[in-house]
């Protein structure tokens, strides 16, 4: 059982953060979000929890594969798991910026950094575990869609100037 604990914990970790950011999203999706102009091609609201659960699970398991391959939190793991931790923190920060603070421009800037960090994480993981790196590919694809969606929402919903 002991050998399963790191796998379960590392796979679950992104979902735990996703659950808490989902609490912020839930209220705003019913109140503020419907007031925004959104492109016609955006996914339905019901798709987001399903997609994010799959993406979080894949990235979490990928982090476990890297951790296992590098023998835990070793010096060799500093960059690949550090980048992973950074992208996870950026991922969790996006929701409070967009849905919590309603800062569309800052959410756009943040998701651009997030997307780049996920790309860098994939590059750092690839020589260690091709499987782990490829587990991030659907996530990177979704982030490209989410970045385009964030851009359109920012463009089409100018922030009101304070007088």
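We count from 1, first residue shown onward.
The backbone N, Cα and C atoms fix where each Cβ goes, and this holds for glycine too.
Feature annotations, courtesy of TrEMBL:
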type	residues	note
TRANSMEM	6-25	transmembrane segment
TRANSMEM	46-67	transmembrane segment
TRANSMEM	79-99	transmembrane segment
TRANSMEM	106-128	transmembrane segment
TRANSMEM	134-154	transmembrane segment
Flag the pair the transmembrane segment (6-25) / the transmembrane segment (79-99) as in contact if three or more Cβ pairs fall under 8 Å (sequence separation 6 or more).
yes
Which stretch from 46-67, 79-99, 134-154 shares the most C-beta pairs under 8 Å with the transmembrane segment (106-128)?
79-99
